[in-house]
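Enquirer: From TrEMBL, here are the annotated features:
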- 1-241: region 'Methylthioribulose-1-phosphate dehydratase' (REGION)
- 30-233: domain 'Class II aldolase/adducin N-terminal' (DOMAIN)
- C113: substrate 1 binding site (BINDING)
- H131, H133, H206: Zn(2+) binding site (BINDING)
- D281, E283, D476: Mg(2+) binding site (BINDING)
Amino acid sequence: MSTGGAESAAAEAMASEAYLAGDAVREARELVAELCRHFYLQGWVTGTGGSITVKANDPDVPLAQQLIVMSPSGVQKERMVAEDMYVMSAEGKVISAPVAKPWPHKHPKCSDCAPLFMKSYLMRGAGAVIHSHGMETCIATMINPGAKEFRMTHMEMIKGIKGHGYTDELVIPIIENTPYEYELTDSLAEAIAAYPKATAVLVRNHGIYVWGDSWINAKTQAECYHYLFDAAIKMYQLGIDWTTPEHGPINSAKRLRSVASPGVPNGCHTAKSSKHCVVLDIEGTTTPISFVTDVMFPYARDNVRKHLTSTYESEETKEDIKLLRIQIEEDLRTGVVGAAPVAPDYAGKEEVISSLVANVEAMIKADRKITSLKQLQGHIWRTGFERKELQGVVFEDVPEALKNWQSQGMKVYIYSSGSREAQRLLFGHTSYGDLRQFLCGFFDTTTGNKREARSYFEISQSLGVDNPSQILFITDVLQEAVAAKSAGFEVIISIRPGNAPLPANHGFRTISSFSEI
């Protein structure tokens with residue numbers, strides 16, 4: 001047996017050497033050099049900045065095990081050749097380094113971006129990652145200095161971003177720059193985890209990281225992102241709001257505020273009262289708890305199998321399944337009740353779906369507030385609303401209150417544990433019509449846990465108010481009220497039919513209708 005084991009190891013070593021010396025790696029080296037020259041002409045990798053990495057595509061090697069070809073750091077990108085590249089294992093270990101060139105060339109150095117590239121490969125199953133220093137990517141993060149996201153909608157080139165259509169809202173997380181690139185690794189990983197639909201992360205005053213399933217997909221998306229950033233900058237200069245469907249004029253006060261203080265453009269009028277913004281919970285505040293528990297949740301639960309079966313091969317559902325697998329693996333490690341192993345892909349479609357359904361049903365039963373579940377539920381509900389099998393329900397005082405707040409210049413937002421897509425569906429398909437016209441934005445659990453003060457601090461930074469006390473938060477959950485108050489918000493607790501009773505002496509103002517505000 002020991003002889004057989006040695007022979008097997010020798011065969012694997014020979015296969016690895018053949019892969020490293022084969023056409024796949026050679027072509028990937030040449031491709032990266034070509035892309036570096038191309039991106040230099042676009043102004044994305046000038047001054048030795050930026051970097052590009054692709055996986056050496058060998059159809060006989062699974063994507064997760066494919067070797068990685070990466071451009072080196074601190075070199076003239078437009079003069080690079082195939083031999084200048086680093087080749088790394090799937091785990092990020094250097095297995096082939098370029099030979100040093102004579103002065104005045106610098107000695108080759110593995111890119112400082114390498115740890116960040118590896119996060120994209122490991123967390124998103126990427127086939128290529130592009131890091132650009134394009135001017136548009138920097139300025140796009142400066143328009144609103146405190147914003148944690150870049151948002152844009154109703155632009156044709158949004159269709160070039162994976163998982164997005166013309167009418168979708170493109171949301172790209174922004175992380176803060178650091179003196180050394182490798183120090184960005186943790187914040188980039190947090191952004192990737194918090195924004196499952198995103199295919200890029202912006203670094204303020206620095207650049208952008210874009211990933212795709214292949215080098216073609218990554219290149220296409222990078223070009224679309226640069227186009228959209230350039231468009232947003234020019235629209236801002238012309239006083240046009242790039243964040244709203246109608247692309248109307250930016251309110252002058254809003255433009256001044258975006259320069260003078262942090263904020264996220266939202267297309268709504270400047271508030272005239274001491275309360276600039278209203279942030280609303282949904283369940284038990286704008287909408288009966290019974291609608292969520294007796295209609296929405298059962299619909300999602302009863303249609304999980306049907307949805308996964310009919311959309312199994314779609315990119316959207318593949319992403320949903322990937323997120324569920326990650327969550328379930330974590331649940332299994334931590335001993336969450338109801339968590340069960342997911343069948344591997346080779347077990348077949350039906351086995352995979354059955355194991356996912358069992359986990360999702362357990363998550364719904366436990367009312368888990370987790371992004372992977374909320375994202376899948378949102379996609380199932382979208383089908384329900386499109387087929388008119390679902391209709392959003394709000395209390396009768398809600399539409400009038402939304403209209404009144406808008407007429408007073410108040411900006412109204414939603415903060416719910418349901419996904420942004422689910423929120424938009426609910427308010428876009430009510431018996432009172434489309435109420436999204438009165439709403440300026442949506443926050444979900446990607447912002448943070450609703451029972452943690454930090455989440456409300458993040459919201460206050462995004463909304464660009466001078467003081468958190470200028471934000472009114474209305475919820476039915478005492479723990480959320482306490483967290484928001486700790487962040488400086490004014491808070492009112494909603495008393496609606498079916499809401500949980502409050503303890504005595506809770507210390508908050510209560511209302512049973514928005515008309516009381």
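Using the three backbone atoms N, Cα and C, a Cβ is placed for every residue, glycine included.
Note that TrEMBL annotation is computational and uncurated.
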Enquirer: Suppose the Mg(2+) site is D281, E283, D476. Which further residues of the same chain have a Cβ inside 8 angstroms of that site's Cβ centroid?
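Expert: Other same-chain residues with Cβ inside the cutoff are I282, G284, T285, T286, T287, I289, S416, T475, V477, E480, S494, N499.
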Enquirer: Same chain, not part of H131, H133, H206: whose C-beta falls within 8 angstroms of the C-beta centre of the Zn(2+) site? Give them in sequence order.
Expert: G49, G50, S132, G134, T137, V203, G207, I208, Y209
Enquirer: I need the nearest neighbour of H206 (Zn(2+) binding site) among the binding-site residues C113, D281, E283, D476, using C-alpha distances.
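Expert: Given the candidates C113, D281, E283, D476, the nearest one is C113.
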Enquirer: Enumerate same-chain residues with a sequence separation of six or more from D476 (Mg(2+) binding site) and a Cβ-Cβ distance below 8 A; give 'none' if the list is empty.
Expert: D281, E283, G284, T285, I289, I493, S494, I495, R496, N499, A500
Enquirer: For a quick check of packing: other C-beta atoms within 10 Å of the C-beta of H206 (Zn(2+) binding site), how many?
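Expert: Result for H206 (Zn(2+) binding site): 20 other Cβ atoms within 10 Å.
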Enquirer: Neighbour count, 10 Å Cβ-Cβ cut-off, for C113 (substrate 1 binding site): what number do you get?
Expert: 25
Enquirer: Distance between H131 (Zn(2+) binding site) and the residue listed as 'substrate 1 binding site' at the Cα atoms, whole Å?
Expert: 8
Enquirer: On a simple 10 Å Cβ count over all chains shown, which one of the binding-site residues H131, H133 is most densely packed?
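Expert: Of the binding-site residues H131, H133, the most buried by Cβ count within 10 Å is H131.
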Enquirer: At the Cα level, what's the spacing in Å between H133 (Zn(2+) binding site) and C113 (substrate 1 binding site), rounded?
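Expert: If we compare the Cα positions of H133 (Zn(2+) binding site) and C113 (substrate 1 binding site), the gap is 12 Å.
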